[in-house]
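Participant: First the structure, which I've put down as structure tokens, then a few questions once you've had a look.
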């Protein structure tokens, strides 16, 4: 209890401090009320001018803290004049918490949108841009349109960033004081900005301050989903079809084992024997059969662990992922690692080609790049540890403006799902007769349709809100609080939407919320409850459970089943006890703990790629922003030459290999005959460097003389092509390394440490290959002046296609190099490049 008391005391202390500062804002109400509209806008200009004279971000933040009461008072007065709404004290407190870079946890209906206007205005005064982030484009559009009235009144500009906007429109949106956008679009724009060829093609400014609405949904629920920009990879889809046919033949327990708790599925020995016969291979687990076993495992996952209308839907011949937290489909998103193709094979729709990742980032790493990050939501306290550890954000529970009157009733648990759903329908019928509006929450699309059919049989008119008809969301939600309304909704039930009570509903007990199953996350259950009882309204909530629910099957239903059997309870008799609720909450905590651990592991692995991505993007940006790229090229020429001397000449064990060294120099830098063995034999390494460097320098100058003012554009083109080509291959190689790295634990190795070490080695090899290619293309390309090198057009990202540096050539995919394989220096390199080992990964 000591730890819990500390948390509660900490929140109470924070609330008192916020309350005192909010009182200072309210105290300025009369003084602000006498200002004219023009005087308010002049105040904004004054703040902006004073902040523009401060070039240090920390000093700017100190100044913002100083003017906070006056700035917030201006926003309150502006809101009063524009919307005829004055933010309450609790909203001011929430706004202060957000300005501090924390999360304001505010109940549904407490006015988070208006709360955010105060910290948004204050931080936008610095002129560095504020991003207000919502979970979907509909909310971004609505909020930007509504709030622009207030911000324009105060003298600030507002932009809206949508996926459909052109590059110019996006750039203009980001240039405004305040920009509304979705988290997805921000992440993709960041990746695109780091794939352009010219600085003027970028759309974003440096990331300064972000306020995330429904912050738990974006930073927790979506943290494990990376944003990926990809191009198609040429690969046959026939193996998916074969694996699908094979998976359909298999029987559980005989041919494969399935663990419902972990959702892991794998072949038994009998299943492996069948696979060897079906695919005509001697040993399924031989290295050369890795593709076969990978496709079989993926097909098994598609058939056993994923259900249609629960995990995905098929719409117009296309497989669409269903977001497990919102119930919405996610057009454009695809399962990775071939799983989407396996589902397409399972459902008999066209199998689309696999894609090759060109750029990727997780939300965890994207949002940690902001100077300051804050958020608001109705449900965050259960995930406070994760917010603190990963994002350095504290969760502050803001009091409600009016006391909560909702009655949260104990869970009712039934033996079977049939008994549960019968009871749910009876409850709905009873409430409907009285005229009380009912909101039924379901976890899956198929459940919502099942209940809908039961209600139809009883003659109850109702609306269904799920991924299949989400376009009517606003209309359905608007009517959900009216007398006699019955609404069935998946978890999408209104993140960012308010259910307002109709006339006479308060007297009937307000909105009744019925949950038909517990979600694995307590936050999602709390969000469903929170649809009722907004702003002091009456309401009630209750969850109906059964021992056949997925969460109960995965965790602890056996004990309850024995207990219910001893009591002699039948299908129609529920248990209502604190023990049941505690057991369910305990199961949820275990799932949440597992998910947190998984997100932490992802972050640890992603940290390796984050550092590498930072180096590559910085390198690209410096090439784009520098007017003269010759210094970069010069450094690459020198380091590549020095590396070759260290390898061929400075050998501790062997005699210097003069001829192989000359062959390498001729391949990368010079023409045959430019350097002979007589030129370098008997000389030490330093002298050899000087002799060869003089020749390279002359060849480099010769290219400059031919191309003259076009040389810089030529170098930039070669550098960017080389970086992009090798970086794309490197991402693919790192992905392959990561997919199999967990198997190292069976050999008592540390998978994360191995991934870090080998990832570092692969990155070093990639950087060397970039330098080699750049040197070779710049010195060995035959370019005529009349070729008139034109500026390359930046890749069209809308189609997520990327033009390779060597159009028309089929790229050889690098194979992982297994340590311990004895490869001769003159043997072909096992990476598959076609070069000798000593000239490739043997350097």
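The backbone N, Cα and C atoms fix where each Cβ goes, glycine too.
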Participant: For the ATP site that Swiss-Prot gives with 91, 109, 110, 111, 112, 113, which of 427, 463, 498 also belongs there?
Facilitator: 498
Participant: Per 10 Å Cβ neighbour count, which of the binding-site residues 91, 113 ranks highest?
Facilitator: 91
Participant: Quick one: largest C-alpha distance among 91, 109, 110, 111, 112, 113, 498, binding ATP per the record, in angstrom?
Facilitator: 17
Participant: 110, 498: which of these binding-site residues has the sparsest Cβ neighbourhood within 10 Å?
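Facilitator: Among the binding-site residues 110, 498, the sparsest Cβ neighbourhood within 10 Å belongs to 498.
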Participant: Specify the count of other C-beta atoms within 10 Å of the C-beta of residue 112 (ATP binding site).
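Facilitator: So the Cβ neighbour count for residue 112 (ATP binding site) comes to 25.
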Participant: Name them in sequence order: residues not among 91, 109, 110, 111, 112, 113, 498 whose Cβ is within 8 Å of the mean position of the Cβ atoms defining the ATP site.
Facilitator: 106, 108, 114, 115
Participant: Specify the secondary structure state of residue 113 (ATP binding site) as given by DSSP, simplified to three classes.
Facilitator: helix
Participant: Around residue 111 (ATP binding site), which residues of its chain at least 6 apart sit with Cβ under 8 Å of its Cβ?
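Facilitator: Sequence-distant Cβ neighbours: 87, 88, 91.
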Participant: Please give me the CB contact count at 10 A for residue 109 (ATP binding site), counting all chains in the structure.
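Facilitator: Around the Cβ of residue 109 (ATP binding site), 21 other Cβ atoms lie within 10 Å.
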Participant: Should residue 91 (ATP binding site) be counted as helix, strand, or coil on the basis of DSSP?
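Facilitator: It is helical.
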